[in-house]
Every structure is written in C-alpha cells, then in structure tokens.
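Let me begin by presenting the structure, written as structure tokens, before commenting on it.
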C-alpha cells in the first residue's frame, strides 16, 4: 500500500503547480506568436514558388471600365478568390504603353495574395506626375467604386504602387507624396527629377543594365542614392536586360516584386530571406547588381 506523507504531498503539490505554471507560460507565449502577424497569407515561401508563373492563390478578374473610372483610364483588377482581406496594389504602364504590358504582373502578384489593378492611363503619352495622380485615383477606385467582391477583400491600411518607365517615375512621385503607402516598386523608372530624399516608403527600384531609354546611371541609380538610408530600400539591376524587360514575363522581376510586397505590405518576415542578403550577382546571374539597406 502506498502512503503519502505530508512531505511527499507538499512535493507533489509543488510539482503540479510548476507544471501548471509552465503550461500557462507556453500558452501565453504561443498566443502572441500566432497573433503576431495577422496579415500573413499563404504557405512558407520557397525560391521555386516565387519563380513560378503563378502563386498559391487562384485569381479572378474584374474590369474597371474607362467610363466608370474617375481620374484614370480604367483597367483590370486581379484578386484572390479566397475570402480574406489583402493588401492592394496599383500598377501603371510606361510611356505609350497600355495595361496589357503589365497584365502579367497584375495576375502574378494577385496569385500571391494581393488585390491588384493594372491601369490604363488617360492617354498613353501622360507624363510621370500625371501617372502618380492616376495611380492614386486607381487605389481610391478599388476602395470605393469596385464591386463588393473587390472592396470586401481590401485592407485599406495596406496599399502600394508600382509602375514601368514613366509609370515608375509616377510611382516615385506618389511615394514622395503619400508616406502612408506600405511599398513602392519603380521598374526601369524614368523621371526628370533625380532627387527623392523625402521618400520614406519602402522602395525597391529595378533597373536594367542595357537600358538606353532610362539609363541606370542617370535614372535608377541616382533615384536610389537620393532616397535616405533611413528608408528601407533596395536596388536590383537586371543583367543583359533592356528598358522593356518589365513588359514580358520575367521571373526575377516577379520574384523580387512579390518578396518586397510580402515583406512590407504584409509585414511577412518569412520573405526577408530573399531580400537580405539578396540575389546572387555576376555574369552567370540574372542580376547584375544588388544593394540595399538590409537588415529589414
């Protein structure tokens, strides 16, 4: 027969209290970890997932007609079919371009858990600052005038912009005017203004080494250098690529654009691994140069 002495009883009680306290501490620690990032969407990322033509989310489309668009030329909205809330991104084409030149980016980014509008501009000759206003109008449209299927999926506190060429210049301009944006990605950007020292929005600039329309030496690099080092920023220069690299499917542009948006729009640190220290560079790489203000 087992007899519990007062001393043994006290020991068992102490042990039970310790176990209960440890369990409570584990629960207390686990809960914040699970709730630390309510914006995290999708599976753990891999390089092959980001290089693929589409991500883990199925995508639907909605047309924004030119007649119904206020302040821009209409476009196409791409959004995940899964009911949830997502960050929203507006993308502008470049000089003489239309939404068709950036449609691949819209669908690709949406498939990673974003609502994206690829816009047409009012005229294909619109200058960068006009494109900035139109990107802003497109964000407003998604929040107020799009269908409920789109509006109900957008987290209005998490907005970003992208653009090619003069659309990239417009992206820089809007980023300088709207510090509440979560991210900006100018693609082979063009703008007469070379100084963007007032930008605080996390900015990824993608240039191309063979660009003769917006040479990196007089556009992308000065733009990047002028943004304060206190701002989260990165410069990626494509290897053996021209000004029009963003107009066709490009796995490097797709991968690092998604990683940047995930990191700063979704605050998803799972994607930091792709940005810091960043891609391999050199003759055998798709990236000629990469620099940043890591760590992010």
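Cβ coordinates are placed from backbone N, Cα and C, and glycine is handled just like the others.
As given in Swiss-Prot:
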- 1-35: signal peptide (SIGNAL)
- 36-57: region 'Disordered' (REGION)
- 95, 166, 190: poly(ethylene terephthalate) binding site (BINDING)
- 165: active site, nucleophile (ACT_SITE)
- 211: active site, charge relay system (ACT_SITE)
- 243: active site, charge relay system (ACT_SITE)
- 276-294: disulfide bond (DISULFID)
- Message: I'd like the number of other C-beta atoms within 10 A of the C-beta of residue 211 (active site, charge relay system), please.
- Response: 24
- Item | Position of peak Cβ density within 10 Å, selected from the recorded positions 166, 294 | 166
- Just how many other Cβ atoms lie inside 10 Å of the Cβ on residue 95 (poly(ethylene terephthalate) binding site)? 19
- Query: Taking a Cβ cut-off under 8 Å, which residues six or more beyond the ends of the region 'Disordered' (36-57) line up next to it in the same chain?
  - Reply: 80-82, 84, 86-87, 107-108, 110-113, 155, 158, 249, 251, 254-255, 258-259, 262, 265-271, 274
- Message: With the cut-off set at 10 Å between Cβ atoms, which of these recorded positions ends up with the most neighbours? Options: 165, 276.
- Response: 165
- Task: List, in sequence order, those recorded positions among 243, 276, 294 whose Cα sits within 10 Å of the Cα of the residue listed as 'active site, nucleophile'.
- Result: 243
- Message: Cα-Cα, whole number of Å: residue 211 (active site, charge relay system) versus residue 243 (active site, charge relay system)?
- Response: 5
- Long-range Cβ list for residue 190 (poly(ethylene terephthalate) binding site), cut-off under 8 Å, min separation 6+ in sequence, same chain only, gives 94, 95, 128, 165, 166, 168, 169, 213, 214, 219
- Query: According to DSSP, which kind of secondary structure is residue 294 (disulfide bond) found in, if we only use helix, strand and coil?
  - Reply: coil
- Task: Enter the number of other CB atoms within 10 angstroms of the CB of residue 243 (active site, charge relay system).
- Result: 21
- Message: For the region 'Disordered' (36-57), how many residues does DSSP put in helix, in strand and in coil?
- Response: 5 helix, 0 strand, 17 coil
